[in-house]
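Taken straight from TrEMBL:
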| type | residues | note |
| --- | --- | --- |
| DOMAIN | 5-121 | domain 'Response regulatory' |
| DOMAIN | 416-515 | domain 'HTH araC/xylS-type' |
| MOD_RES | D56 | 4-aspartylphosphate |
Amino acid sequence: MAKIKIALVDDELTARNTIKKYLEDSEIYEVVADFQNGKTALEWLRKNQADIILCDMQMPEMSGVELMRSIHIIDEYLPVVAISGFDDFNYVRGSLINGAANYILKHEMDKEGLIQALDQVKEKYRIIPDEGKAVHKNGYCITDEKEFAAEQIQRLAETGDIDFTCSNMVPVAISPDYKFWDGADQSEYRHDISRAVIDMVNQMLGGKYQYLFYITKRSHILLLISFSRERSTLFMLNTLTNLVRRLQHQIVRMLDITVTIITGEVRNELEESVSEGRKLLDLLKDKLYLGGNRTVSSVLLKKISYSERQIPENLWDQLEFELKNGMRSFIETLRDNLFETMRKERSSYDMVQKNCGRLTELLVQYAVISETEQRAAIKEMKEYEEFDQFQMKIMNLLEKHIHYFDEDKTYSFQVSQALEYIKENFAKNDISLEKCAEITGISYTYLSREFKKETGMRFVEYLNRQRVNKAKSLLIRSGISMKQVVEMSGFRNYNYFFKVFKEMEGVTPSEFAAKKQSNS
């Protein structure tokens, strides 16, 4: 009688011998090859066939996680059972991310536990000893959007290619809230995480219910479950709730990420279930503004209506003016105006991408960031799904290069403190030389003398220069009243603002605004 072929990889001879002894009298399983390292195991697998791999996670030269990745390049569906030591939890997590079919803790392993783990894999992958290969009838994965169609699924079910009964079906959209690291291959990372989530679902559902998956290009997962043997809708929904809760907990625990899950309704028509499944995937796009880490029923959700409205050019002009002049208020304008405008108007995903791309071009133009940094940022932002990720990326770039907004000249400690205080507080109309001196810890007469000596300007001149620059940036952006311009730039009243502006710029505020508008 044919047996299921096991290949064993463990650097410890004792461990390999123990496992072989456990299986020597098995009528179902046989160890056909064993190896002390991953490299020799891979060489063997390229020329030979096994049905299940038993693999230690912590080995020299090539770890179990690395071996697992390589195995799945050779055979994507070859099940691997991870064996881990008591304190190797990170290896267990890594094994799940890379598609382990099951895992065993080495310190707990006995003959019964080993057989049980192998039986679970045999059942999950439908491994038939006579054929010696895995038959993926349950948990079938669809990766082509055209294949996720009612007619195609119906045909596969009728021909027996998949185990799926088209009744009492519930779609579930699953979107892992992916993390991002500099230099990481995000495509590979998404693939690994989605594979791990699918394996978790496989372990939870097993052979109890029929189900299939559709995996999108962005590694979102649509799970379609058939409760064909159940009659109570309440029971089905309770079962689904428990599954979602367990899956959410397991993903957080094993993969160290959160997840967004949207559940559909019980339906008896395959066409309706597939259609609803597509709607659930579309609802996942609303993570852009609703964020991740949510579990919700689709009946409680309303699709967000997105805006394709362009950001006003005068706001871009204001941002460029502030950046060109090294004004720290650029960061405030960026946060409180550009990003807040997109958030309030619910700018579409494409518009958010476009605006963030234009921002990075502006940062390159004025040498805030390099072209290399820009390319890396654009590439990373293409993987983002949440608005806050875009905003945080841009803000982090600015924080990294905050020195761009510093004075070129080197000043004494006290004067540097005073300059910093003015830049941060010029919009407040209660700022004064006395208050600045108090903060720097010196007398205001000494500060006044040193400030003029080092900057070439009196304290009030420098302060008014900052305020006038802010006023100019606001005047460039039409739609703001003169009263608001005066208040937002820190002047006490319009008359004083008018006088200072005319002295510094040679034109009145209204003339400046009119000239800028005629040039735009």
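Cβ from N, Cα, C; glycine included.
Note on the domain 'HTH araC/xylS-type' (416-515): its mean pLDDT in the predicted model is 89. Around the Cβ of D56 (4-aspartylphosphate), a 10 Å sphere holds 26 further Cβ atoms from the protein chains shown. Across the domain 'Response regulatory' (5-121), DSSP assigns 53 helix, 26 strand, 38 coil. For the domain 'HTH araC/xylS-type' (416-515), the number of residues in each DSSP class (helix H, G, I; strand E, B; coil) is 75 helix, 0 strand, 25 coil.
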